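According to TrEMBL:
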type	residues	note
BINDING	TRP57, TYR150, LYS285, SER319, ARG405	substrate binding site
BINDING	GLY117, SER118, ASP256, HIS320, SER321	pyridoxal 5'-phosphate binding site
MOD_RES	LYS285	N6-(pyridoxal phosphate)lysine
Amino acid sequence: MTNADWLNRSLKAVWHPCTQMKYHDSGELPLIPVASGAGAWLYDFEGRRYLDAIGSWWVNLFGHASPRINAAVKDQLDRLEHVILAGFTHAPVVELSERLSTLTGGELGHCFYASDGSAAVEIALKMSHHYWRNHGQPGKQEFLCLAGSYHGETLGALGVSDIGLYKEAYGALMHHAIAVPSPDARQAEVGETAADVARRAAAGLEAMLAARHESVAALIVEPLVQGAGGMVMYDPEYLRRARALCDRYRVHLIADEIMVGFGRTGTLFAHEQAGIRPDLLCLSKGITGGYLPLSVVLSTDDLYGAFYDDSYTRAFLHSHSYTGNTLACRAALATLDIFAEDEVLARNRRFAERFTDLLVPLARHPRARHFRRRGMIWAVDIDSADPDFRLRFFREALQRELLLRPLGTTLYFMPPYILDDDEAVLLAERAVAALDAALA
Ligand SMILES: *Cc1c(COP(=O)(O)O)cnc(C)c1O
């Protein structure tokens, strides 16, 4: 079978996500059939290769076909593939929950599982509202989110997201959250620091809480980097202030670390950089190293305690068929093993310095604005009025063996944590070449 065979069969039978299928049919947008993956590379059916510089939509941490994760999943497959998690339990889910709890200093000690990031967000929103109900404050049913936030695409998650395109199409179906100012560091005026912007945004949050706290259940944030909204980066000072304000006004702080968790921002969890803990922590994406769908919401003793009762109606009412899937938990355990055995965070710090140096030509490109980095995420805004810039760049990058998908005119890199020096050089050099070609 050739690339063309798979491509044609896929276009007939597969409805691809977030895709205008007609662009594929007209040949405007290439569809790449992938036969195999190894390390940072994806291979098609005709021997062409692509460097996966966005970790296959932000999930892959240690490359494709990672020998250690493969071995763990294969071992688990011969023991137990899956079991119902209501009334039953299994070793991988217990061990994973214990280890995640330890990694939050024991402060977020109760793990509730689902399969996708959006489901984790739904769970956190339901838990927060139900908590206040159980505490005799059923009126707390509104949510605050940051301007430009993204928390997933199911209806509850879309309701706390602030992305125009989705609001337009599905707004009629949503329970809309109230957007408060984003601490986007790019808003700094001359002489201002990112921390100054954070303090200004926190003042906006305070005004909103002062006015509405009696009807607000929770504030949900993407700590340090707002991903799908354009890799918007901000100072940890905002999280410190948000934590204090949520405490003062009796509102939960939900940290959606679905993208930024597992080392992406330089620490295992992004909120650590602010020296705070959220009440609810949502994790997914990198949790299984990019192998299997798994998400989890971690909560405090206080939150958990509000549901612990003689009555079933006070229990948290939520379940998915594949809750706590055994294979996925085992992949997650293998992922955590790699973090510990390879001192991944320290290696990433060294890599990030080197890669940032390699990106100097991109940062200094005449059309580049606001080059920025947080941990293992690099982003730059491209000054282009071309509505097709995104598509043009995507195509030029593919021709240079790179998988890079800009968000609008924001070009970003979210590579797996295993690039060697040659791969880093290749990525940095060809990204600039693709940019020049896309702008030409
Ligand atoms: C991807 C993402 C989600 C949604 O996760 P899915 O697995 O795609 O449903 C939610 N929040 C953030 C910050 C994300 O990046």
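Any Cβ shown, glycine's included, is placed from N, Cα and C.
Note on the binding-site residues TRP57, TYR150, ASP256, SER321, ARG405: the fewest other CB atoms within 10 A surround the CB of SER321.
Within its own chain, LYS285 (substrate binding site) has TRP58, VAL59, GLY117, ILE258, MET259, GLY261, PHE262 as residues 6 or more apart in sequence whose C-beta sits under 8 angstroms from its own. Residue density at GLY117 (pyridoxal 5'-phosphate binding site): 28 other Cβ atoms are found within 10 A of its Cβ, drawing on all protein chains shown. Between the binding-site residues SER118, SER319, HIS320, SER118 has the most other Cβ atoms inside 10 Å of its own Cβ, all protein chains included. Once the Cα atoms of TRP57, TYR150, LYS285, SER319, ARG405, the listed binders of substrate, are compared pairwise, the greatest separation found is 34 Å. Closeness to ligand 1 is met by none of the binding-site residues TRP57, SER319, HIS320, SER321, ARG405, no Cβ falling under 6 Å from the molecule.
Checked against TRP57 (substrate binding site) by C-alpha proximity, the binding-site residues SER118, HIS320, SER321 yield SER118 as the nearest.
Annotated pair HIS320 (pyridoxal 5'-phosphate binding site) and TYR150 (substrate binding site), C-alpha to C-alpha distance, rounded: 22 Å. Pairwise Cα distances among GLY117, SER118, ASP256, HIS320, SER321, the recorded pyridoxal 5'-phosphate-binding residues, top out at 23 Å.
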